[in-house]
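Everything below concerns the one structure shown next.
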Number of protein chains: 2
Amino acid sequence: MEYRKIKDQDKDEESLGDDLESLRGKPPSTAMSLGAGPVDRTKWKRKSMVTLALTVLTSSQAILIVWSKRAGKYEYSVTTANFLVETLKCAFSLAALARIWNSEGVTEDNRLSTTLDEVIVYPIPAALYLVKNLLQYYIFAYVDAPGYQILKNLNIISTGVLYRIILKKKLSEIQWAAFVLLCAGCTTAQLNSNSDRVLQTPFQGWMMAIVMALLSGFAGVYTEAIIKKRPSRNINVQNFWLYIFGMVFNAVAIVVQDFDAVMNKGFFHGYSFITVLMILNHALSGIAVSMVMKYADNIVKVYSTSVAMLLTAVVSVFLFGFHLSLAFFLGSTVVSVSIYLHSIGKLQR
Amino acid sequence: MEYRKIKDQDKDEESLGDDLESLRGKPPSTAMSLGAGPVDRTKWKRKSMVTLALTVLTSSQAILIVWSKRAGKYEYSVTTANFLVETLKCAFSLAALARIWNSEGVTEDNRLSTTLDEVIVYPIPAALYLVKNLLQYYIFAYVDAPGYQILKNLNIISTGVLYRIILKKKLSEIQWAAFVLLCAGCTTAQLNSNSDRVLQTPFQGWMMAIVMALLSGFAGVYTEAIIKKRPSRNINVQNFWLYIFGMVFNAVAIVVQDFDAVMNKGFFHGYSFITVLMILNHALSGIAVSMVMKYADNIVKVYSTSVAMLLTAVVSVFLFGFHLSLAFFLGSTVVSVSIYLHSIGKLQR
């Protein structure tokens, strides 16, 4: 993966609002219009590349999970794996920065040192994800695992709503319609004979699912806000600080949840080749998510991961002999129309 | 039900193409725009009323079918019932005409007598439906009944395509997207644990389903073309001639299919109170369809019957204690968004 530096004009630490305002002044959609300049083309290309990377990585992530489940149980501790993912992301960010420092020298935008003002918001997404992951243990008292997969699609709606409220970016009427369709389409594609059980979810289960969707949506939107606060700031520096806090929070999770197991059986107990692949994939996916936040937005991220879900199912047909259901075809159709409407809605804005 | 006469300017028998062109000159959507005149308001009101009537009648039709199935088997011959439906529609049309002749006198537009030129196309829809109904017996060699219900949603797409080709009316990009969603949403709402079997439909089954969808779509679009050929012509006269041929074709069907049964057990053998209700309902629905063709179009008809399908399911929850599936909620959401997009797409045309 290649990391490039964005040549941004604004070198000052502006307020979040102003900065997002200025970003909105140069909508990415112009890149697709006729007579777009080379800068717009480069931006559009970069946006497409990171989106494609995220889609492929997310899809292969799901395939690795299916593969590992088929190979046997999870023998390793998930918390150590998560910690390693964050560490690896930190290492990748530092390596990319080293290359940049070599070629461009250390500047205001790519130096690692930071101010308290800049760094103080960075732990927030990691903290939100931690709370969400803790809630995840409790929601299974009310919903089974397939039901949880279905309820997770509420993330799509919560991300859209929080994107509108927090980042103050507008979606057109058609784009809102497209977003509702994306949620309905993804859920439809995942339907199976047991899906109706989710309708029996008790009130507490629904509440927790909604809170988790809001936490996850808020974490995503907040990460975008942090990363876009200083558009000229090098993404690898921003990633480095995000991931450092990710490491800290996951270290806490190891101590709280798996201290005994790690002490008795060792940090790497139960690791296999596929575990290493999954950690590597998660790390790259995480970096791709940051890139999409920087060069595109949460809406693109949601579409990208939704397409990845469909892609996974299609690839699984060839790899594992899975069968595609009628619901999958219908859901995919709705998702495809949603993507089309989203792009149409942008042009008509 | 009240039948009103449309006061149209064009009293001449124009060619179909020209006439539709002139109709397109006064799009119904203007009725919803600001500053619409009283004529537009009346048109919009009439369009809404016939659409509502069609939705309610179609929905109660499905409920009557469920009710009759619960009450026992179909003991009566379907062909005699169909014949009576056509006869009743003819009688209703004549009654409405009698009222109009009383109040307005006999004019060029409401007189029953006709020319060969006008009437020669009227048997075509009835003939198309006959062929479709004959095919219906053969398709069950390849698809089961629930599968056939799913495949019937192809009607939605075929109606849209033929509406575009034959009536040369344009749908906007968003309206096309909405139409694909309507088809996907209706199918999703009907999904159940056996639906996937339809994917095993052999090639011949698919071909027959497509041909039947085209026949049904063509019959609908052709009826609209006939009815709109002379906008000033009274709808009850047009209906009378359509239904006369319906009677003829259904009389043929009685002779071909149920001659022995009718001869041995009598014409009305097996009729019950619910059978009479169903015949009455079918007759009124049929008239509502004609009205929608006259004052709205096939697209409105398709939306109306789709909403009726959803309405039936909801009403069945209260009447018969049916359970709504998650698929139903998802499908209903997609259909609702489709309706919203269709109306938005019209305004943006």
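Numbering starts at 1 and runs along the chain as it is shown here.
Using N, Cα and C of the backbone, Cβ positions are placed for all residues, glycine too.
Features of the protein shown, as given by TrEMBL:
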- A:1-10: compositional bias 'Basic and acidic residues' (COMPBIAS)
- A:11-20: compositional bias 'Acidic residues' (COMPBIAS)
- A:1-35: region 'Disordered' (REGION)
- A:48-67: transmembrane segment (TRANSMEM)
- A:174-191: transmembrane segment (TRANSMEM)
- A:203-227: transmembrane segment (TRANSMEM)
- A:239-256: transmembrane segment (TRANSMEM)
- A:268-290: transmembrane segment (TRANSMEM)
- A:302-320: transmembrane segment (TRANSMEM)
- A:326-344: transmembrane segment (TRANSMEM)
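Between the transmembrane segment (A:302-320) and the transmembrane segment (A:48-67), three or more CB pairs separated by 6 or more residues in sequence fall under 8 Å, so the two stretches touch.
With a cut-off of 8 Å between Cβ atoms, the residues of this chain six or more beyond the transmembrane segment (A:48-67) that come close are 1, 274, 277-278, 281-282, 284-285, 288-289, 291-292, 294-296, 300-301, 304-305, 307-309, 311-312, 315-316, 319-320. The listed stretches are A:174-191, A:203-227, A:239-256, A:268-290; of these, A:174-191 has the most Cβ pairs under 8 Å to the transmembrane segment (A:326-344). For the transmembrane segment (A:174-191), same-chain residues at least 6 beyond its ends with a Cβ under 8 Å from one of its own Cβ atoms are 149-150, 153-154, 156-157, 160, 299, 302-303, 306, 309-310, 313, 325, 327-328, 330-335, 337-339, 341-342, 344-346, 348-349.
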